[in-house]
Every structure is written in C-alpha cells, then in structure tokens.
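Copied over from TrEMBL, here are the features:
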DOMAIN    B:72-262  domain 'ABC transmembrane type-1'
TRANSMEM  B:12-33  transmembrane segment
TRANSMEM  B:72-96  transmembrane segment
TRANSMEM  B:108-131  transmembrane segment
TRANSMEM  B:143-163  transmembrane segment
TRANSMEM  B:184-207  transmembrane segment
TRANSMEM  B:240-261  transmembrane segment
Amino acid sequence: MKFHALAGACVLGLAAGGAMAETTITVATVNNGDMIRMQGLMDDFYAAHPDIKVNWVTMEENVLRQKVTTDVATKAGQYDVMTIGTYEVPIWGKQGWLVPLDDLPDSYDVNDLLPAIRSGLTLDDHLYALPFYGESSFTMYRKDLMEKAGLTMPEDPTWGDIEKAAAAMTDKEAGIYGICLRGKAGWGENMAFLSAMDNSMGGRWFDMDWNPQFNTPEWKDTLTTYLTLMNEYGPPGASSNGFNENLALFQQGKCGMWMDATVAASFVTNPKDSKVADQVGFAMAPHKDGVAKNGNWLWAWTLAIPAGTQKEEAAKTFIEWATSKEYTALVASKEGWANVPPGTRTSLYENPDYTSAAPFADLTLKSINAADPKNPSVQEVPYTGVQFVAIPEFQAIGTAVGQQFSAALAGQISADQALQNAQALTEREMKKAGYIK
Amino acid sequence: MARRVSTRRRVIVTALAWAMAFLIFFPILWTFLTSFKTEGEAVATPPHFLFFNWTLENYIEVNERSDYFLHFMNSVVISVGSTVLGLIIAIPAAWSMAFVPGKRTKDVLMWMLSTKMLPPVGVLIPIFLLFKNTGLMDTRTGLVIILTLINLPIIVWMLYTYFKEIPGEILEAARMDGAGLREEVIHILTPMAVPGIASTLLLNVILAWNEAFWTLNLTAANAAPLTAFIASYSSPEGLFYAKLSAASMMAIAPILILGWFSQKQLVRGLTFGAVK
C-alpha cells in the first residue's frame, strides 16, 4: 500500500514538467501595482504573439533580488526575463550577465525614454534593460495643516522651510506629527532617504579615491538635521518605520509632511484608502540653502534579459511590448490614465490626458529630471547612483551603515558615535574589497 | 482512584485552558479577520476588531491573480510525497535501532539529529548548484527529495521513541510462534505502532507543508507550493496586509482542516510514551 502511495507521488512529481508547444518564457517580477496590472492585460500580447506564452513568478522585493542574483550568477537559467532595479543594471551589465539591447526597432522610439532613467541603464553606450516604471522622491504635505499654521510650501523648499513647517504643524496632543520619514535600517530603506538627503547637503558617499565621507561636515549636517526633525516632530517608534508604515500614518492624517517615493502620490490621493485624499500638496524634495541639488532619488524597475537564455528572441519581443507606448495606451484605455506606469517616457508627460488625470505628474517629472545618477552630488564622485552606490559591496555596507543611523534615531547611540562607526566599518569593507589600497 | 476535584478548581483550570488556547489561536483569528478588511482598515490604529465593513474583495483578487490550485497541488504532492518516502526509509531504520541496537546506535541517532542543527542557508549554494546540474531545479521531484532528507532525522527519532515503548517480549513471543521477520513487522509491530506512525505522518506533513526555505529557494514557476503563493503578496511599496492575510488563510485552510479531523491521533501520538 505504501508502495502505491510512493509510486503515486513519483508519477505526480514527474508529471509536473508538462508539455508545451509554443515558446514559454518565465518572467521573475516584483509585487507592485503596475506589474500586477500587466499580468491582467496579457490577452492583448497573446493576440499579437500567439506563439509566446508568459509564465509569471511574482515575488517580494528582497526575495526577488536574492533569487534573481543567485540565478544569474550561477547561470541557472530559470528565468528568461528578470525585473531588476537601477542598482543592479550597471553592475550586471559590467559582469556580462545581461543581453545588450542595441537593435531596438524604430517603432520602440528609444529616444523617448527619459534621459535620467536611460542614462542609469546605459553602460559604455549599451542599453542593458528597458524601464517599465520609474520613480523619484518628493515632498508630500497636508495643505489644510499648512493653511492652519499660516504657512505656504514653496515648490522648491529648503531644509529650513521644512523644519519651520514641521514645528508649526506638530500637535502631539491631537496625534499629528509634523514630519514622517523612513527610520527602518536597510540600504533601500533609511539609507535611500539619507543618501539622497546627504546629496542635498552637498555631501557624497565616497571621494574620488573611494574614501568614505562620514567624517565630513556634510554628513554630520545630514544626520543631525534628520535626528532633530524626527526627535522633535516625528512619530514615536520611527526607527522601525519604512514606506508602508509611513504611508499608513499619512493616509490616516497623522503626518504633516512625508518625503518619499513619488509612487506614494497615487496612494495618498486615492479616496478609497486615504482620509486626507483631497488635502495633499506636492513639492520638490528639500535642499540646503545654497546647494544646487535636491534630496530626491531615482529608481526604476526595469526588464532585462539574462545572458545565456535559450529564448532571447521571445524575451525581447515581450520586454519591448511591456515598455512600449502601445502598452501605456492599452492601460489607459482599460484602466484609465491615472493607472499607467509612470516615469519612463517623455511622451507621457506631454500627454494632456495624463497630466490632467495625475495632478502630481508635473512634480514627478521635475523630480526625475532633477536626479542625475552619474552626477548625484555637487562634488565629483567615482560611482553611479543617487541613493545608492552601484558597486556589488554596497548592499552590505549600506545596510550596516543604516543600522548605525537607525540606532541613533532610537537613541541607543549619539549622532557622532553613529558617524564614527559608519566611517570605520565602510573603510574596513572598502579596504577588504580592494578599492582603497 | 480518581481524585475529587472541587468545582472552583475546575472552573479555574478550565478558564486557564481557554485563555491559553485563545492566546495560541489569536494570530490565526487575527489573520482571518484581516483577510475580510480593506487594505486601509487592515492598518487602522486603533485596530477594528469586529465592526468594520466585511468584504470578500481580497479573496476575489487573490483568486484572480494567482493559480491557487497549482500551488495547492504542489504543496500536497511535496508534503505527502516526502513524508511517505521518509517513512519507508525510516521504519526499517527505527526498527533495527529499537530492537537490535548495535554498539554505535546511540551515536548514529545523535549524528542524525546533528544534521538538523546546521542552518539550511549554510548549504544553499552547494544544493542550488547540485539541483541546477541534475535538472532538479523547480521540479516537484527535487523538492520531495530535499524535504525527505530534511525531515528524515525527525521521522527516525519519533519512530524510534514509539518503537522503544513496545515490549520486545511481544515480538519475541511472535518469533517463538514461528513468525518470520516480515510477519513480525507487518502483523505485530506495525499494528501496535499505528498511533505513533500516524502522528509521525501527520506532524511531518505539517512540517513539510510549512517549509519555507527550500521551497522558496529551489522553485520558480512550476513546482512552487503555497509558501511561494503567500510570499508573492508581500510588498515594500503599497499596503498588502489584507491580501496577504487572505492568501495565508487559503494556504493554511487545508492543513487546518486536516489537523481538526485528526487531532485525536495527533494528541494520542504525541503523548504516547510520555510516561517514561
């Protein structure tokens, strides 16, 4: 009897492979609204390409990053298309892990891609990934609270303006905190915000000889301003807040201002989930008085093809479709202009249908254009990336530094101590990796 | 003779038991409630307990977005397959260790258990490469094999403890009556060990069902079980608790129901041999 059960299990196991006629490509993707929407609109693609079938594997961001990195590094070949960010593209392109996308058809109109985004995906004049969705960060604020405080938000505020507004809006008795910012440790969490903020203070991660810069006045300025804002006017327990926690706080009317990803704009203005939907105003991410860089980052989710896939042609056909103008028009016709994936093409921001459906479109575009991955700071840098440094070692270093800053926010160590620790640990890792001789 | 228990004592003990049970059950209850909320209500502070707009939208969306049945079948095949395969290997092993122990039996048992002490991520890359080179990546067969190997020490240990409770004299008597090894195992040992085998089976099906390291790392599209189905609903940008809860309820429902129907065996098996 047991033998029957085993035989049954084996047969089922072997049957899992299955037989398929057409070319099936497996796409590894991240769980975000725009990607999920595409999975529901695949009929249009299948109608035009009946010989291609797409298998979706949806994952949470950290799991996705871990799995696609292992897969591409070992050439395991489980995926034919990978969803990767602007952090991975230059590193992987350099390693020869991605198929260069040089022969795009004219109809794709590659010159329509936003220059800031395209430049982050290009290495030695080869484009290595096509952007599906792009974002920057900006300031979201409560118009009603600003009015009550008798203030107006400039379109391009300084950190001084932000502090003044935070002080005026904070009413802890009523559970309203002037400012909500990321505090959770991680290279893509608090360090995304703080690295971009440091750019706006005139600072940088490394000098031209790859020496870490945490001992400079710019980083001290960054961390002390951040800690003052959060300790005086921020919500309690902020050292564990990430995007979602702050989103929930803002939607429930507990934050006066929130600086985070531009994608948040569509969430906080959606009356279904947000109590303050009609009261949200937008401004650029702040900068220090006299510094010509704003503290906004640049990120894009892109579709790339791992080198060595057997199904390169089908994969190319798919990613060209998914990032095309036609796909944008398709989403608009089925789900409305407010739901099209933003931040990749100039033509979208010239389209009056879109700009009237998305009141935050203008500032999103300005923010994206204000970020330059090749020149993130007013000082010269040896790396690519605004809120990250595109070297393989950065994930570990960024997270370790983020833990120091998160501990400073929680009051476990002083700002000076956190900066000293950050400097020491970054120096150690960079020496070990051979950047500093 | 049973002790007389005062009513007051009984009330206290009963209340305590209910309180403990509620405490343990609370996370599941909360997941259940959250799965019927909207995303906004799911993160509301203070939290809403029962008075919110109950909605099925999360279940509808999860069903539209993912192929539940594919993941469910993968989970069933992987957990049942690995447990049955494990039992087939472990029953003879545990029999020999319990009834004809050698000089090194204790060491072998301890050594088997020690393999469980290694953090799985320590061998992720070698196993990943092994799977890649043998074509087992993203197949149910591969997962059945790996989960069998992982749970084998537990299966052997559990069976060994149950077998130890069975007096060797009974088996001896059967031998005196002319039973061969086959008859001895099938007609004498197995019927007596059924509660033990049943609870081992159930516990290991649950362990394999919940296994979320190898099942996430060694699968992509074809063999991904319900653990991957749940994991796909977590998101760093955008609220997801309600949909994640709905996906979780759908993933644990089958095993919860199985546990409900078999709780008698489960409890009996787990307390079997408790008096030592």
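For all residues, glycine too, the Cβ spot is worked out from N, Cα and C.
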Would you call the transmembrane segment (B:184-207) and the transmembrane segment (B:72-96) in contact, using three or more Cβ pairs under 8 Å, pairs 6 or more apart in sequence?
yes
Which listed range (B:72-96, B:143-163, B:240-261) shows the maximal number of Cβ pairs under 8 Å with respect to the transmembrane segment (B:12-33)?
B:240-261
Give the nonlocal contacts of the transmembrane segment (B:240-261) in its own chain as ranges (CB under 8 Å, at least six residues past its ends).
28, 31-32, 34-35, 37-39, 41-43, 58-59, 61-62, 66, 68, 71-72, 75-76, 202, 205-206, 209-210, 226-227, 229-230, 232-234
